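Copied from Swiss-Prot, the annotated features are:
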| type | residues | note |
| --- | --- | --- |
| BINDING | Asp105 | Mg(2+) binding site |
| BINDING | Leu172, Ala173, Pro181, Val183, Ile186 | K(+) binding site |
| DOMAIN | 163-256 | domain '5'-3' exonuclease' |
| REGION | 185-190 | region 'Interaction with DNA' |
Amino acid sequence: MNKLLIIDGMNLVRRIHAAQPNESDITGLKERVHGACRKLLKYHIPTHAAIVWDGDAISWRKTLFPDYKKGRKPMPEALANGLNDIKAYLAEHHIHSVDADSEADDVIATLATKLVNIDGEAIIVSTDKGFSQLNHPKIKLWDHFNQTYLTIEEMEKKLGIERSQLIDYLALAGDSGNKIPGVPGIGPKSAVELLRIYRSLASIYNSIDKVGAKQAKKLEAGKQMARLSYKLVQLKTDMPLSVNLKQFRIKKPDSE
């Protein structure tokens, strides 16, 4: 069975770089990133591997909602200037890079979905909880920094919802890290309680007359924001890709 290791490039690199006291110093960074990739390959033993990078184009999410990710700390200039060197170094060691036009998330989701649809297995290396919405038994999420899988049970316990409700939850409660608004006045606790009773965002709005007056007023006022937030958090799994699985095959063990 084909097993594809998909690494969220910027998620990995920025966290490795964050351990550096001086953000302008990228000395040894490419070697540390390569070391992390070697460790991932050794542990998971995939048949194929790719590291996916964000691109510079404005994402469809930013076009839809200009405040998306607004205020997020920009990438340090030294790191931005060193990315091509990191990619080249990884390529020398047989780790294939995929450059997304804008956000890597949708490309990662598409790669994973395409593979499991042909009976393969995908392991996504990222700390981004948004990938939890890819509800398939052969798609696994690996947190490299905590050296653990993000399990369904752990996510459900942490958020108080079922995995299938993640998009509905974020549409209601929002996601401050990505500046996704959610419904004003409906926080995490209210979102969990509403989903416990009504199960989904659509059912909540279809049952608005049964919701308490105070919450119903907030939900009605924030209906458009809920719809917008739902779109923003939902991963696309049908992105056009100009790559094929053969490109990602691991040609030989990386034993350097």
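Each residue's number is its place along the chain shown, starting with 1.
Just so you know, glycine gets a Cβ as well, placed from its N, Cα and C.
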Original post:
Just how many other Cβ atoms lie inside 10 Å of the Cβ on Val183 (K(+) binding site)?
Top reply: 26
Original post:
What residues, ordered by sequence, lie under 8 A Cβ-to-Cβ from Pro181 (K(+) binding site) and sit at least six positions away in the same chain?
Top reply: Phe65, Asp67, Gly174, Met225, Leu228, Ser229
Original post:
If you average the pLDDT over the region 'Interaction with DNA' (185-190), what number do you get?
Top reply: 97
Original post:
Going along the chain, which residues six or more apart from Ala173 (K(+) binding site) have their CB under 8 A from its CB?
Top reply: Gly182, Val183, Ile186, Gly187, Pro188, Ser190, Ala191
**OP:** Determine the Cβ neighbour count for Leu172 (K(+) binding site): the number of other Cβ atoms within 10 Å of its Cβ.
**Re:** 27
Subject >> Tertiary neighbours of the residue listed as 'Mg(2+) binding site' (same chain, Cβ under 8 Å, six or more apart) >> reply: Asp8, Asp128, Gly130, Phe131, Leu235
Original post:
Counting by DSSP, what is the helix, strand and coil composition of the domain '5'-3' exonuclease' (163-256)?
Top reply: 58 helix, 3 strand, 33 coil
Original post:
What is the Cβ neighbour count of Ile186 (K(+) binding site) at a 10 Å cut-off, with all protein chains included?
Top reply: 22
